[in-house]
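Engineer: After the structure tokens below, expect a handful of questions from me.
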Amino acid sequence: MSQVEKVSILGSDSIHVGYGIQDHIVEETLTNLKSSTYVIITDSNMEATAPYQTLSSKFEAGLKEFRPESRLFYYAVSPGENNKSRETKAQVEDFLLQKGCTRDTVIIAVGGGVVGDMIGFVAATFMRGVRVVQVPTTLLAMVDSSIGGKTAVDTPLGKNFVGAFHQPKYVFVDVSFLTTLPTRQFINGMAEVVKTAAIWNEEEFTRLENFAKTFIAVVTSDNIDLATIKDDLVKTVLESIRVKADVVSADEKESSLRNLLNFGHTIGHAIEAIVTPQALHGECVAVGMVKEAELARYWGVLSPVAVARLVNCIAAYNLPTSVGDKIFVQRIGHKRHFIQINTLLEKMAIDKKNDGSKIRTVILEAIGKCYQLKAHEVSKQDLSFVLTDETLVHPFQEETTPKENVVIPPGSKSISNRALILAALGKGTVRIKNLLHSDDTKHMLAAVAALKGAEISTEDNGDTIVVKGNGGNFITCDEQLYLGNAGTASRFLTTVASLVNVNEQSNDYTVLTGNARMQERPVGPLVNALRANGSEIEYLNNEGSLPLKIKAGKGLKGGRVELAATISSQYVSSILMCAPYAEKEVTLALVGGKPISQLYIDMTIAMMKDFGISVTRDPHEEHTYHIPKGVYSNPGVYEVESDASSATYPLAFAAMTGTSCTVPNIGSSSLQGDARFAVDVLKPMGCTVEQTSTSTTVRGPSKGSLKPLTHVDMEPMTDAFLTASVVAAIANSSVPTQITGIANQRVKECNRILAMVDELAKFGVRAEELPDGIEIYGIDYKNLKVPSLENRGVCTYDDHRVAMSFSLLAGMCPEPVLITERSCTGKTWPGWWDVLHTKFGVELEGYEEPKDLNDPALLVNKEVNGDKSIVVIGMRAAGKSTLSRWIADFMGFELIDLDTVFEQTHGDIREYIKANGWGRFRELEAGIMKEYLTKCSSRHVISTGGGIVESEESRDILKSYTKTGGIVLHLHRDLDETIVFLSSDTTRPAYVSEIKDVWARREKWYHECSNYHFYSSHCGTEEEFKKLRHSFVSYLKTITGAGLSPVPKGRSFVLSLACSDLNDIAENLEDIVAGCEAIELRVDLLKDYSPSFVADQTAVLRKFVNLPIIYTIRTKGQGGNFPDEDVQALEQLSYLGIKLGVDYLDVQLSNSEKFVKSIIEKKAFTKIIATHIDLAGLPWTRAEWDNKYNQGISLNADVIQLVGFAHAFQDNIDLEQFRANHTITPLIAFNAGEHGKLSRVLNRTLTPVTSELLSNVSGNGQLTVGEINRCFSEIGGLSRRNFYIVGNPISHSRSPQLHTAGYEKLNLPHRFSKFETDYAQKVYEEVMTKPGFGGLAVTIPLKLDIMKYVSELSESAKIIGAVNTVTPLDGQPGKFYGDNTDWYGITQSFVRHGVPSFGNSSVNGMVVGGGGTSRAAAFALHQMGCKKIYMVNRTTSKLHEIKSSLPSDFNIEVLETVDQVEAADPVSLVVSCVPADKPLDSELLNKVERILYHGKNQEKRSFVPTLLDAAYKPRVTPIMKIAEEKFGWAVVPGVEMLVNQGVLQFKVHTVFTPPYKNVYEAVVDDNV
């Protein structure tokens, strides 16, 4: 039998730990726990595993041997947290009662935390308490939930809210059970292990730090073999259990000490409550531990080093350290947006360990030790600060600011990075003290370790870093070295990577990469110098920046190396430090002028001497150094000096506030240039400065009396210029402060000089850029402006020095100032905000930008395209020129045709190819594309030649662009039409081969080079051309993220098309989809699966129907037609749907996890419907349905669709119970078959329906919209409601006809009547307060009067200032909602008449008239995107009233004179709101005609200018006649506005969209 370790808890050795101890479990239980009945309870997942089955067999055998008279029962609950409920507990208890179990029963709970908690609670209450044995099978359960006797079930209001303390008789921890654990669950459990060590045992924490790499390597391998780490794993579990057992023994009922076990849980549980089940408990606690450790640091209790150790240890186990962690965000998807400060605080307020509503957390004092051994009350303000990356810096208060202060900054970043490189290159062991623990050094340490350059460990609770150097013997590794935005590390490691040798088991190269900003920062001069010295270095993205691919085994040749050092001294230091390892001695000559930051070069040389290599300056050649060959000899101890750049911030604080501050460990003897800041900058500005060789003290003048510096050369301390700039900002004088010598600051984390100019302007301080510096015009601090929250306060550009500098100026303002991205200070001073708060007494407050959580843009994980340029590819005649122009119009981009660019440089393409051949042409073509993608990377549409994909170089460029998130759009049209067109085109080169052969060759290239695809259907008429443009712009909105529609919230239907070719029904599509919110394309039922045909089918849908497309490929195993075995084709066809920009992609959960994840990773802005179909009729009470639902949630699906099969009516009832319990994600759930029709009726979201106009039905038991509504109404789900048109006169109103037509078509039971009156009060008393009231259509004279009877207003109603639609507010009896749909009537009328969405292009509109409708017209034109809205009327006083009452961003101009009309920009859209029954005033007509004339004749217009007349009688009004016949404008009759506003009104009333054709005909019938 394997060794068993016993742990005592509450005086009993009842916790037994070992590996493979199942025989011991059986023998111990049956020997010592005598019973007539043993019940083993697990879940259905564990039930199927080999270890469980072995344990069951051994129990059965043991029972025969030890207790032959006893009974043994088994029970399996459904798995998952959602089944840890009172209902499941009752089911278990019913089973025990049915089996005749009595008080002597022994229950053995085998499973994870869910089983242990719930079955423990069963044991606590069954027969008033029976014995229980815990056999935990997950790491989390082994070290946490099974220990200590806590039992519980969840309730709808929270986790573990109903439970009891009930100690198990035994806890048997058999670590071999972990072989059944998925990798993620394994890692999840390590959070609790790290926690127990962090609060109790520093020695064990150190062991865990060292064990992490081995552990992760084993548990993430394809074939997990725990035997290789068995001893370490048992010790890991055992030590964690011992901690918890000690704590529980001292405090069983969690009255004091046991609260320590909740370290990380206050915040972690709050996060978990929001993101479960996508994120696991341990993952959330890991984030919680980091945040609670940061809170302890914020209080000044925990050292920054300890926080860094904790963060690094958690990260080493692949656990998240923030809610912004890349993997964490991928897992929780759009729920990231729900993690908001107020929500978290609300969750924390109901934590069980709180004192009433006072939030308490566990505070670490050191690794292995808790502060005062209790949980502490925490203010919401302090919590809000640590929970967000944005902070409000409150004004510095004289009463809370210490008059004198001593601050010790962290270790120098410059010295720390150099010390690590030298130590890794050196031989022997060095103990580095006061090393900066920051993002930069973390990346450096990780890189050195990855390259096997040194063995790295810690001492003194992490304060000392021990580096055992390998003498420069680095070898390649598998992974890329990610350096974040660590510029110093990237430049030093570029040369180090040139020294790396080849690891035969890995790559023959090293890749250095970083974040987006790092991939813009220059490294070119260094690379050029290294290339010239024998290194092979390749740029993988942008020329001159990371990522770099550096060939291993090349080394440095040595000899003379010339380097341009006018941009960065770090290039020089990089080569200096590595030069001793070159083949020959190095002579380093710095060319191109005086080197920048000479003091940092001197620092490097001095440090090299400390490590045993002496550099000599050439006595004759300026800026030239001789470096001997050799190996560094590591000193025993190396002390890193505090960071002089960081020291400038506390010193500047003293200068600005008139107080005193001492930095005790930086003085005149410092290696760092920034040590001169106090003497050279602050002293001349009026400060008293005392500087010894080792310390610096600054005392500021009285507040507000700083003097400007006429000129200061800060070349020796360039990083400190930002600090100097904010001090100069309040040096009030007519003389500006001029700072020079800082040109290198333009290529740091950001362009710091420009950043300082832009951000100072937000404070009302003028600053100007100089060629190598900045000039600042200081003002009185009392006159500082407060950067507005609306404009997002101070932007830090993710730059630590920008953030720290402006944190000082912010406190000088009269009101709090927002600083964004505050955590960027982690680069050099992770604890800066804590120092500001604790040492300087500054009030800080967390801030979070308000979000509309209903914004569909929050539901996607992809960033919107924004200003990023769009590349268009495709065959000639595919429509690239036209559609590229449409893209440019919509996006507001410039259009570049690369063929035109070529001809401007090289002449006619045909002639060039004749003279030079296709090969040379393709080479130049690729070069041009690369050039323009670089210099026109934003706000351009780049249209390419048809053969751009013929060149491999061009293909690589295009594919690289898609990988960086750029859009490469492939346009295509019917090939036969293309051939007809190209056969007659003599302006382009003839193809060597036939057109079809060319397409056959290029097709796969087009698909692999593009990430989006649009098929242009043939347009035979102007009307079809307009439809194409409208559908293309809708497509463009989807793929760029500019226009995303949310999942419907009310009852909604989707028309499921079972057609082999949609062209057969195209003309009837608008009628077919009546009443539906989406349309499903069943791709598997199409006659052809080729990309071109499938794309054509989506084009048909877009041409005839303006509805979201659901793209579905159903395999035969899931009731469809696509072959189950052709997985590769299924994946390609699914990805095609994403490229086609469909709104929804149906993904079958029956596919492999790898398949599903690969599709979801590419989904962009397409929503995912995670679908599972079981046509065998699996009961809805089975756990498999829970598993599928949770699987959909874990994939961050936007909608989950579960389809069963009904054998009996009861199946529908069971389904509704399931639906009621599964509300996290929108659910489509119904039963197929005749018996399942009721479930279709009861389904709320996107119910699949058919149409009476279709001959084929895609689903068994499918119904029409009308059938469902009628049935739902008959069973009481849809009550009859009464709607009215109110106002006077209304006798000729067509609203009753419009709404009634919609009711009849959709089988809605409602009634629409007229209620004629002039009095809103009468409407309220006699209509709105009556039972069955559904809503109002409001017309004159009541649109204003009715507003006092509504409780809420839509945005449109608020701005327009009138209501035309009223509905009762759901769940709020006696309260009503007011809306205005007139604006929608205008916009949709324009859209239906071919006016495209013009997005960011410059289109102007005009409103004629000054009545109530004019306000709706102005609102409509603004919604459409008009940049400027002109208004004209016979009398202008009303127009000025309208202008002043509407938002300023409507950009309204009132045209009063003819001169103003003539000076106006051309107008493309006009809405006439004047009566049509009398002629226009002549003066007004003159102005209107001039506008119409200029609109028609404007130079740049992308559509026919269009006029809409809001008057619907007569059908053709005088102004329409003038616009169309005299000036060639398109015109829209007012009846269209009436219908379109009614369509939205109908939807507001009923949640359904009425069939347009039916309601239109009802309105125009007899309406001439």
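Cβ atoms here come from the backbone N, Cα and C positions, even for glycine.
In case it's useful when we look at the structure, here is the feature table from Swiss-Prot:
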ACT_SITE  Glu254  active site, proton acceptor
ACT_SITE  His269  active site, proton acceptor
ACT_SITE  Cys824  active site, for EPSP synthase activity
BINDING   Arg128, Asp144, Lys150, Asn160, 192-195, Lys244, 258-262, His265, His281, Lys352  7-phospho-2-dehydro-3-deoxy-D-arabino-heptonate binding site
BINDING   Glu192, His265, His281  Zn(2+) binding site
BINDING   Gly874, Met875, Arg876, Ala877, Ala878, Gly879, Lys880, Ser881  ATP binding site
REGION    393-842  region 'EPSP synthase'
REGION    1057-1267  region '3-dehydroquinase'
REGION    1280-1568  region 'Shikimate dehydrogenase'
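Describe the structural context of each listed feature in the structure shown, including burial, neighbouring residues and relevant distances.
Structural biologist: Residue density at Glu254 (active site, proton acceptor): 17 other Cβ atoms are found within 10 A of its Cβ, drawing on all protein chains shown.
The secondary structure of His269 (active site, proton acceptor), as reduced to three states from DSSP, is helical.
Cβ environment of Cys824 (active site, for EPSP synthase activity): Glu749, Thr796, Asp798, Asp799, His800, Ala803 lie under 8 Å away, each six or more residues apart in the same chain.
Counted within 10 Å of its Cβ, the other Cβ atoms near Asn160 (7-phospho-2-dehydro-3-deoxy-D-arabino-heptonate binding site) come to 17, all protein chains included.
When secondary structure is read from DSSP and collapsed to three states, His281 (7-phospho-2-dehydro-3-deoxy-D-arabino-heptonate binding site) falls in the helix class. Sequence-distant contacts of His281 (7-phospho-2-dehydro-3-deoxy-D-arabino-heptonate binding site), defined as residues of its own chain at least six apart whose C-beta falls under 8 angstroms from its C-beta, comprise Gly113, Leu140, Asn188, Ala191, Gly268, Glu272.
Ala878 (ATP binding site): 25 other CB atoms within 10 A of its CB, across all protein chains.
If you average pLDDT over the region '3-dehydroquinase' (1057-1267) in this model, you get 92.
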Engineer: Out of these binding-site residues, Val194, Met875, which one has the fewest other C-beta atoms within 10 Å of its own C-beta?
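Structural biologist: Each of the binding-site residues Val194, Met875 was scored by Cβ atoms within 10 Å; lowest is Met875.
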Engineer: For Arg128 (7-phospho-2-dehydro-3-deoxy-D-arabino-heptonate binding site), which of the recorded positions Glu192, Glu254, His269, Ala877 has the nearest Cα in space?
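Structural biologist: Checked the recorded positions Glu192, Glu254, His269, Ala877; minimum Cα distance to Arg128 (7-phospho-2-dehydro-3-deoxy-D-arabino-heptonate binding site) goes to Glu254.
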Engineer: Which of the three DSSP states, helix, strand or coil, fits Ala878 (ATP binding site)?
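Structural biologist: Where Ala878 (ATP binding site) sits, the three-state DSSP reduction gives coil.
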Engineer: Ten-angstrom check, please: count other Cβ atoms within 10 Å of the Cβ of Lys880 (ATP binding site), all chains counted.
Structural biologist: 24
Engineer: When the Cα of Asn160 (7-phospho-2-dehydro-3-deoxy-D-arabino-heptonate binding site) is compared with the Cα of each of the recorded positions Glu254, Gly874, Arg876, Gly879, Lys880, which one is closest?
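Structural biologist: Checked the recorded positions Glu254, Gly874, Arg876, Gly879, Lys880; minimum Cα distance to Asn160 (7-phospho-2-dehydro-3-deoxy-D-arabino-heptonate binding site) goes to Glu254.
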Engineer: Across all protein chains in the structure, which of the binding-site residues Arg128, Arg258, His265, Arg876 has the highest Cβ count within 10 Å?
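Structural biologist: Most Cβ neighbours within 10 Å: His265.
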Engineer: Other than Glu192, His265, His281 themselves, what residues in this chain have Cβ atoms within 8 Å of the centroid of the Zn(2+) site's Cβ atoms?
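Structural biologist: Same chain, not in Glu192, His265, His281, Cβ within 8 Å: Leu140, Asp144, Ala191, Lys195, Gly264, Gly268, His269, Gly282, Cys284, Val285, Gly288.
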Engineer: Same chain only, sequence gap of 6 or more: which residues have a CB within under 8 Å of the CB of His269 (active site, proton acceptor)?
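Structural biologist: Non-local contacts for His269 (active site, proton acceptor): Lys159, Cys284, Val285, Gly288, Lys347, Met348, Asp351.
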Engineer: Nearest of the recorded positions to Gly879 (ATP binding site) by CA-CA distance, picking from Glu192, Glu254, Arg258, Leu261?
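Structural biologist: Comparing Cα positions, the candidate nearest Gly879 (ATP binding site) turns out to be Glu192.
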Engineer: Least buried of the binding-site residues Gly874, Gly879, going by other Cβ atoms within 10 Å?
Structural biologist: Gly879
Engineer: What are the non-local neighbours of Leu261 (7-phospho-2-dehydro-3-deoxy-D-arabino-heptonate binding site), defined as same-chain residues 6+ apart in sequence with CB under 8 A from its CB?
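Structural biologist: Those within reach of Leu261 (7-phospho-2-dehydro-3-deoxy-D-arabino-heptonate binding site), by Cβ under 8 Å and sequence separation of 6 or more, are Lys195, Thr196, Ile199, Lys244, Val247.
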Engineer: Taking only the recorded positions Glu254, Arg258, His265, which one has a CA atom nearest to the CA atom of Gly874 (ATP binding site)?
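Structural biologist: Closest recorded candidate to Gly874 (ATP binding site) by Cα: His265.
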